[in-house]
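**Student:** I grabbed these lines from TrEMBL:
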type     : residues : note
DOMAIN   : 14-208   : domain 'Neurotransmitter-gated ion-channel ligand-binding'
DOMAIN   : 216-454  : domain 'Neurotransmitter-gated ion-channel transmembrane'
TRANSMEM : 209-228  : transmembrane segment
TRANSMEM : 240-258  : transmembrane segment
TRANSMEM : 270-293  : transmembrane segment
TRANSMEM : 305-324  : transmembrane segment
TRANSMEM : 437-457  : transmembrane segment
Amino acid sequence: MAVVSVSSSEDEFRLIQDLRTNYDPIERPVRDHSEAIRVNLRILLQQLVDVYTWNDYKMHWDPNEYGNITNIQLPNDFLWKPDILLFNSADEHFDASFPVNFVVSSDGNVLLAPPGIIKVSCELSMTWFPFDEQMCFIKYGSWTYTGSKLDLHIDDKGLSDRHKMDLMYYVPNGEFELLATPAERVASEFNGEPYVELYFRIHLKRKTLYYGLNWIVPSILISISNVLGFTMPPECGEKITLQITNLLSVTVFLGMVSEITPPTSESIPIIAVFFSLSMLILGCSIITTLVIINVHFRSPRTHQMGRWTQLIFLEWMPWFLLMSRPGRKFIRRRAAKCPTENGSEKSSGKHVVLIDDEQNVRLLNGELHHSEKSKTHRPILLKDIDRHPSENQDPLQKGIREIIALLQAFKERLEDDDRDSDLQADWKFMAMVIDRFSLFLFTILIVATTSLIFLSTPRLFVSSPVF
């Protein structure tokens, strides 16, 4: 248990008793009721501290008569005080000022400095978020006294034109940069009576380093990786997986923007526009990738390429995109070299079957030659075999005819395979052309979108205070 002994000053006690004599805190401290008492208001920007000063003529004394006391602290309800109110307060108690004592000087000047955390309503424009600048104001005025009874003035002694708030105790904020704190005294007239209001404006600029490193840079990298996905082969399955993952990542960023910004339909933050356009570009790239994969795996058995399609995607666009057609591998049968009748060899344009037997049989230029060991050759035409089967009942000739038919069918099959392979190569090359075109197109879209959005932001690099 602590016991505190307090001894009071006789001079201070006598001064307080004399000051309370004939004093009513309800009475406005003026000698003439027609005069206006001047109240100076200064704001010390820290949390916020309001400083009111005025002169009370009844609070005069001679310090020599009271032990050289030049100022004294009096309770909150001891003196008259102006009913100055924060008009645009957003506090649930409307006025959260803490009751403090008066500081009264011997010349009658009264100082009242009630500290408090002031909450005010401020209209925010989120159009250029996070590159936005906000202008909020604090409005003070008397609730009941007119300008003829209470004359409010801005206490700007020792302050600059840029800042009309005292920043002696101001602690810089990590999210906003304080650009200027201009103030304005506005005198309005209602029903023939003047009303004085003081406007203290706070010009703030949002610091963008946090949002740039955590939102904008990752989103740009995601867009770049999405574009680089078009350099992957069309048949690569991870291509569509990469783009879908990028789309989901941008969706997460857009959700973060919606959580941190106040819900409003008056304006859309520019960062939300950036993420929305990024989502649109990523969605279009996914659709384009699906088209590329679909074209790549087409075959002549299921799809037929039109003439204009060939002209555009196989000739014009490759030339425009500086693409060279990959080399084809054609599958062709080379004709066998056969000895001619005079002992020389020449290449025939058709398949040749040479059977060395007791009977020599040769197919030369569509004619079937049959010879005995006696070397007497008698050419047998294929048309004769076809037209007069009864005349050529030799089993050897019949077998040769079947072999020739099989070779002809095999040749046609090879030609069909070559043609199908060429057509399928056309579809694959068309997919490569679309892939290359998409690479350039979406690169231009991303660069143009990013540049237009961020370069259109006012005062992105240079901030100019608005007064």
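A Cβ is built for glycine as well, from the same backbone N, Cα and C atoms used for every other residue.
Please treat TrEMBL annotations as automatic predictions, because they have not gone through curation.
Map these features onto the structure and tell me what's around them.
**Tutor:** Residues of the same chain lying 6 or more positions beyond the ends of the transmembrane segment (270-293) and with a Cβ under 8 Å from any Cβ of it are 127-131, 211, 215-216, 219, 222-223, 226-227, 229-230, 234-235, 239-240, 243-244, 246-247, 250-251, 253-254, 257-258, 261, 431, 434-435, 438, 442, 445-446, 449-450, 453-454, 456-457.
Outside the transmembrane segment (305-324), and at least 6 residues removed from its termini, the chain residues within Cβ reach (under 8 Å) are 423, 426-427, 429-430, 432-434, 436-437, 440.
Counting same-chain residues at least six beyond the ends of the transmembrane segment (437-457), those with a Cβ under 8 angstroms from any Cβ of the stretch are 128, 131, 220, 223-224, 226-227, 230-231, 270, 273-274, 277-278, 281, 284-285, 288-289, 292, 317, 321.
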**Student:** Mind checking which residues reach the transmembrane segment (209-228)? Cβ under 8 Å, same chain, six or more beyond either end.
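**Tutor:** Same-chain contacts beyond the ends: 130, 175, 242-243, 246, 249-250, 253, 256-257, 271, 274-275, 278, 281-282, 285, 439, 442-443, 446, 450.
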